[in-house]
Every structure is written in structure tokens, then in C-alpha cells.
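The ATP binding site feature in Swiss-Prot is assigned to 13-18, ASP55, 116-119, 176-177, 205-207, GLU212. Under the heading Mg(2+) binding site, Swiss-Prot lists THR17, ASP55, GLU116. According to Swiss-Prot, the feature active site maps to LYS38. Positions annotated as substrate binding site by Swiss-Prot, on the basis of sequence analysis: SER42.
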Amino acid sequence: MSKRYFVTGTDTEVGKTVASCALLQAAKAAGYRTAGYKPVASGSEKTPEGLRNSDALALQRNSSLQLDYATVNPYTFAEPTSPHIISAQEGRSIESSVMSSGLRALEQQADWVLVEGAGGWFTPLSDTFTFADWVTQEQLPVILVVGVKLGCINHAMLTAQAIQHAGLTLAGWVANDVTPPGKRHAEYMTTLTRMIPAPLLGESPWLAENPENAATGKYINLALL
């Protein structure tokens, strides 16, 4: 049976993809057949092959399996906005059954599957359904990515409590340095480590350019999952 994890963040732009790539690299190094999955992505570029999202492409590159883009990212939208807004505008409903069937297909090929969300925990996929609802439906263990910056402690605790309130397992968390470490960085890390009810899997350092392409798997302790 495949190991499956869902990666969420304390907000958008906190480094979910950077952390996801690091986790995929670590799992590959541990000998797993890995697959990254970004079921819904907004903010994509037009290419000769169609719309392509940079986060989904990074997951595709960092998977040990050779996966088609549509397998990694079944729902792709051009505008970088909440999925429920752009899907309604385009008349393309996001179906949880499609998201789930995509996950099942990857589980048949890989023994370690990482699913990356969009935005934060409660990102809406429609007027009545959120990413959190789908993760709860799938009963996926959750890995929380915390962008270490001012305000992150409150955001981390709110998200962790919401995950646990849904009855899900908070399997671990990853710290992502979204800026060069400030003078309170060590104190933020100490507080987060004490207050988040899950193990710290690793800390991705500040990287100014293309962090999702860097060899960051070495910063992850996969044995804690």
C-alpha cells in the first residue's frame, strides 16, 4: 500500500512547492518510487503543449516516476486566483471524483505519493467544497509548511488546530525560510517546535533563485514520518 501525504501551508507563497520537492527528493533517496500530485493549480503559463503551472512542473521533475503533465495536474487554470473563482468564470467545475481518481492512478504506480494543495488549508474549490473537505474525504496525513516570518506562529497554530479538528493526522511540519533569517529566527523556530503538535521534519534554507530546483532533500528527516 502506498504511503500518501498531503502538503498544505500556513498561507499562499510560503514555500509548499519547495518543501514538496525536498520531501520527494528525500523519499527517492530512501528508495521509494515517488510521485508528486498537484490536482488543482491556478497561475499557469501558455505553452505549445497547453497551460503549464510552475509548481506542478517542479513536482513532475522531482518525481522518480516519469509522469505525464496531465497526470500530475488534472485541473490547470491560467489566472493566479482562488480556484473556485476562476473555475466558475471558465465554467469548469472542479470535481472531487476526478481528483480522487487521479490519486488512485498514482497509487497504482508509486509507493510514495505526495499531494500538494493550493493556497492554504481552507482554499475553496467551489462554493460548497474546500481542499480541506477533499483531504478529509481521502483521510490523508497532512504535512504543514510554515513560512518562517513575522506572524507565522499564529498562522501555524490556527492551521494545525484546523487539521486536527477535522480528525486528520498532522504527520509533521517543514520550516521554510522565505526570507533571509532575521534576528528573531531562532526564537520563532523554538516556539514553533514547542507549539506545533507534530515533529519538525526539516528546515529549507533561504535560497534566492529557483529553490524548487535545488538539492534540498538533504534537509529532510524522512524517518520522522
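Each residue, glycine too, has its Cβ placed from N, Cα and C.
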Which has the fewest other CB atoms in a 10 Å radius around its CB: ALA118, LEU207, the listed binding-site residues? LEU207
GLU116 (Mg(2+) binding site) to ASP177 (ATP binding site), Cα to Cα, whole Å, comes out at 18
Just checking: which of ALA118, ASP177, LEU207 have a Cα that is within 10 Å of the Cα of the residue listed as 'substrate binding site', counting only these binding-site residues? ALA118
Spatial neighbours of THR17 (Mg(2+) binding site) among the binding-site residues ASP55, ASP177, LEU207, defined as Cα within 10 A: which are they? ASP55
Which residues in the same chain, at least 6 apart in sequence, have a Cβ under 8 Å from the Cβ of ASP177 (ATP binding site)? VAL148, HIS185, GLU203, SER204, PRO205, TRP206
Given the residue listed as 'active site' and LYS16 (ATP binding site), what distance in Å do their CA atoms have, once rounded to a whole number? 11
Give me the count of other Cβ atoms within 10 A of the Cβ belonging to GLU116 (Mg(2+) binding site). 30
Across GLU13, ASP55, listed as binding-site residues, the smallest other-CB tally within 10 A is for GLU13
Cβ distance under 8 Å to LYS16 (ATP binding site), same chain, sequence separation 6 or more: which residues? VAL7, THR8, GLY9, ASP55, GLU116, GLY117, VAL145
Using the centroid of the Cβ atoms of THR17, ASP55, GLU116 as reference, list every other same-chain residue with Cβ within 8 Å of it (recorded Mg(2+) site), in sequence order. VAL7, LYS16, SER20, CYS21, GLY36, LYS38, ALA41, ALA56, ALA58, LEU59, GLU212
I need the least crowded one of these binding-site residues (THR17, SER42), counting other C-beta atoms within 10 angstroms of each C-beta. SER42
DSSP says ALA118 (ATP binding site), in three-state terms, is strand
So for LYS38 (active site), how many other CB atoms are inside 10 Å of its CB? 28
